[in-house]
Amino acid sequence: MTYLLALDQGTSSSRSIVFDELGHIVAQAQQELPQIYPKPGWVEHDPMEIWRTQLATAREALGKAGLKASDIRALGITNQRETTVVWHRATGQPIHNAIVWQDRRAEATCAQLREQGKEALIQSKTGLLIDAYFSGTKLKWLLDNVPGVRAQAERGELAFGTIDSWLMWQLTGGALHATDVSNASRTMLFNVRTNQWDAELLDLLGIPASLMPQVLPSSAHYGETRPELLGHAIAIGGVAGDQQSALFGQACFKAGMAKNTYGTGCFMLMHTGTQFQTSHNGLLTTSAAQTTAHPEFAMEGSVFVGGAVVQWLRDGLHAIQGSGEVQALAQSVPDSGGVMMVPAFTGLGAPYWKPDARGTITGLTRGTTVAHIARAALESIAYQSAALLQAMSRDAVSSGAAPLAELRVDGGACANDLLMQFQADLLGIPVLRPAVIETTALGAAYLAGLSSGVYRSTDELSGMWRAERTFLPTLGADSAAALMNRWEHAVRQTVLP
């Protein structure tokens, strides 16, 4: 049996998973990652703690699997995207804490770019909207606000990277300063049409080109780990940002295939093939994980409050003691009794982009119970995802592509059968839950397996993908459309006059 190791560095934890060549999990390990909140709206991580926890889980996973590093054919890395690290090339020490993707400190820079009328330029090159979410403005903040850093950067003494770059630098002892196209595409500095750092965008934000890592395909021979770290050198063969890695792990290799990750929020990606498409529905264009030097693209949208609405039921309303109780409570009534919840706790993301929206619960009567509210809360996740998917389908159809035929799902909340069935009903297409739901880590393992010869092609990987359960729609198209109309009416009520 051949084995692959996936390093899955996330926002709240570092994880490592050993897979066999059939895509089965052999062993896994996880360590929590402390969050640092220096000011309201600021979120940081300690880069050395990221490295320490990731290395520790890799060692633990190998130990649990009863394997040595020499038994591992290759290693893949997947990571929280956009989070920004700058370090000294000579020592490998960071100059500051990592600025996490959720951090909003660069909003003033983004406002200036909008005032300068740079939105069309940036979207045409990067596929992104101007937002503090992306790495470029975080990097500018570090250059402008950490004493001495700009001068050091201009002398070529510093390196920038997203978390994948940082881990590869540490794994190789500084021999490798690289990233993959999917992570590069989230910086707002990378031209996704040419697959290169964009000189005009670097100049716009005042970023020296010497800071930037080499960009490689997501499946490639990156280098090897230092032998002393794990007991033997392991080839680094695959790298992708978490959402693109999940798309790959779901075997969504062809245009029109899509996945939705149901976590605290929801992340939906649709593969759009080799043609760059600009969304007319408020979605992002991003690089998909690439196995060759030729660009491949995906359309992306995110729901801010997905599974977090269940946490609110528990912690805010005290309607449930634990998140696992929500399905039974919601199933204790046949429907929501006319109750509609729009959980716009932090505004609404794609496709609405209403930052000033606030959460609402409508349709309450004397007969409304906590079970109706729980059901409406669960259904809100499906409504938001359906609105996002319908926007993606409109973009696909307008560019001459076929609408989506099925949706593949992953993430913690996809275990909720009630939610998945309602999602299929709203969309009118099958919803497929995979046998292996650790699709983010699996994607990294697949990418490493391709470059190291474990797999011959993505066709072989497609043949390995298995659904654990398929949810078929049980509602007619007219009934589903009526429900979506009620949802859109509720969304319009979230912005106060």
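Yeah, the Cβs are placed from backbone N, Cα and C, and that goes for glycine too.
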From the candidates Thr264, Thr272, Thr274, Thr346, give the one listed by Swiss-Prot for the same ATP site as Thr11, Ser12, Ser13, Gly307, Gln311, Gly412.
Thr264
Please pick, from Tyr37, Tyr133, Tyr222, the residue that Swiss-Prot records in the glycerol site together with Arg81, Glu82, Asp242, Gln243.
Tyr133
Give me the count of other Cβ atoms within 10 A of the Cβ belonging to Gly412 (ADP binding site).
15
Consider the binding-site residues Arg81, Tyr133, Asp242, Gln243, Gln311 and say which one has the Cα lying nearest the Cα of Arg15 (ADP binding site).
Asp242
For Gln311 (ATP binding site), the three-state class that DSSP assigns:
helix
In whole Å, how far does the CA atom of Gly412 (ADP binding site) lie from that of Gln311 (ATP binding site)?
13
Once the chains shown are all counted, how many other Cβ atoms turn up within 10 Å of the Cβ of Arg81 (sn-glycerol 3-phosphate binding site)?
25
